Amino acid sequence: MAEVEAAGSGTETGGGSESGNATGSGSGWRRPHGPLQRYYGPSAAEAAEATPDPADINGPHFDPEVFLTKVRSECRLGELLSREATLGREIRALDSDMQTLLYENYNKFISATDTIRKMKVDFRRMEAEMDDLASNMAAISASSARVSAALQDRHRRGAQLAGVQALLRKLQSLVEVPGRLRRWAAPGADPARALHCYARARAVLRHYRHLPSFRAIEDESHSIMAELAQRLRARLRDDTLDPKELTECVEMLLQLEEPPEELCEEFLSQAGARLEAELAALEAELPPSDPSGTASTPPPASDILDFVDRGSSAFVSNLCLLAASYRSLFEGRPGSGDGRLEAFASTLTTRYFELLERRLALERGLGDTSLLVRALDRFHRRLRALLELLPAAGAEAGAALVARAARERVARYLRALQTFFLGCLGDVRQALAAPRPPGKDGPGLPDLLATLSSSVLGQLKAVLAYVQLFTARDVAFASLPYFKGEFCVEAVREGLVVAFVRWLCRTARGFADSPAERGAPAAPPALLLLLARLCLDYEATTISYILTLTDEQFPPEDTGPAVTPGPALCAEARGAAQRLLDHYVQVQGAAVAQMLRKSVETRDWLGTVEPRNVRAVMKRVVEDITAIDVQVGQLFEEGVRRAQSSDSSRRAFSVYSSSRAPGRYAPSYTPSAPMDTHLLSNIQKLFSERIDIFSPVEFNKVSVLTGIIKISLKTLLECVRLRTLGRFGLQQVQVDGHYLQLYLWRFAADERVVQGLLDEVAASAAHRCLDPVPMEHSVVELICERG
């Protein structure tokens, strides 16, 4: 308890010291208690806002008695001893921090005091030196003033003598002007120095012309310069002058005050003659133009880039130099206006453009597109430099020339794509028609289709990459409005991509629409099938991919011309595919029908013997349709079939089918039965679905085979209707029909179509039979199974 009281008294003493600090009393080592309190304790605002707590040892309202009373009442003896030890440690730590803070601040204060004392000593020494410097400057100023006053008269006399000497020099130089002019204006000398000398002396001589001596000097100088002007005019007419020498000659004549309008005319005349000679040199490299176009032109000796380089470095560069010289020589002078330079330059550039057009027309085939783009780029850059000097010298014509060259190259790429596609078709036809060794299969239709499609698409992508060179960022003319909008849309997208796709669809459709020329082989059915699949693939994916790729490489402007929508192209491709597939069905159906027609027309149906086998032509029909099924299945999906009945493979003709008529009614057929049978067949037609023979074919294998079977059986029906049959002829038709039913129903989308057509064949045969006695169904089945 004594230790707690001692700690409490110590704390109270601290509180008293703080109070003493506030009033200015207390011991010296307690003075920093206030700053420590402000540093470690709460801020004034927090202390004002907090509720006064006399038991808070760190608070401003701490009361030792209240604190001790609270501690003694709440804590045990052990806790009191621990609290006393803690307070002792905190007090010692605070004292140590206070002493450290005092020592650090004391050292800084001592260092600052020493620095200030040293600065005072240094400033005293500098003040003494500045006083000495001021006194010395005053003495120097006084001495300088005395010297200037003593030498003022001499300086005035010296200036007068210098002026007289300068005047004498000028007079001497004026007297020497005629001699200098004569020496420098002589032939082969330096006329530029003579002009410079005469220009400096001319104003003085004219000003003092009223003096006889100066008049004589002026007259002699004028005579010398007149002779120089005559020699310069003679030199101006020399055809060997280059543009720089021509400009210097005209400039010297203008300095001699020759008439500007005459010099302007001669300058343009001489410049025009030189430029015409350069154009003639370019034209000499070109073959003579043939208006009829019948004569074959030889290939050019140099490439287009070399031709443009020579034209740009010679003609365009000289024209730019002459235009700049004309502006510097005659700008603002009388007689040089009225657009004379613009008209002069426009005439020459028009002829240069014509020569370049003729050279571009000599580019045969595709050549190197990058070379053409570089040539057009250099031409446009040089032309742009000329147009900065002469805006009216044919800017539109130059841009139009570049645009025409780009369009012509795109048109050639279109023709190249068309030729490439026709070549691929020729390869496909050759692969389809090539004889194959026994036991070795040729390339399948999927492989041929993949090769054809990938080759054409790869060629088209390569063409787009070549055409993209015209819109590259490093090409100067790519910034023209035409190449940002119209070229991308009309020339590339519409003129190349869309035009090629439409041409491809028309070409493919032409195999179905246009009849084969006399003597020319018709398109093989496999080619029709392959082209139909190709057009269908274009409609599904290829067209959208090509258009997307084109729009990415050649982005159209938002306000550009209207473009062909993708769905319209897809509709054309689908229409071509539909026409090709329909034609394929007609061709294959006609081939099978031709076999059936010949087999019916060449047989004696009245005198035929009792059937013992299925005719070979029926087996051939089944084999051909099976082969067609395999062929179509390579390129098209299976398709949807109508639900088949359980006895599809066992059906016979409905008219003579024992499965449909009870056995007890079979003997009722007599020679008078055909009328009843025909009537029964017609009644059945009223309740059956109408069979459309030439309906549009769907893009699947089942629909294609159904169309071929319908054409074949319809042909068989029409041929049977035109023949007269005996009993065995009817039975042979019955056997053949049952055989076809056994094998053809599985190829059709709906077996009822096959059944209905075969029923009509049977009814027609019975109607045309003289003795309609059918064969037993069991015998028919036995013959067909054996066959």
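The backbone N, Cα and C atoms fix where each Cβ goes, and this holds for glycine too.
According to Swiss-Prot, the feature coiled coil maps to residues 111-142, out of the candidate ranges 111-142, 591-622, 687-718. Per Swiss-Prot, the listed range annotated as coiled coil is 265-287 (candidates: 173-195, 265-287, 311-333, 564-586). Outside the coiled coil (265-287), and at least 6 residues removed from its termini, the chain residues within Cβ reach (under 8 Å) are 233, 236-237, 239, 241, 243, 246, 250, 297-298, 300-302, 307, 310-311, 314-315, 318-319, 322, 326, 329-330, 340-341, 344, 348, 351-352, 355, 358-359, 362. Averaged across the coiled coil (265-287), pLDDT for the predicted model comes to 83.
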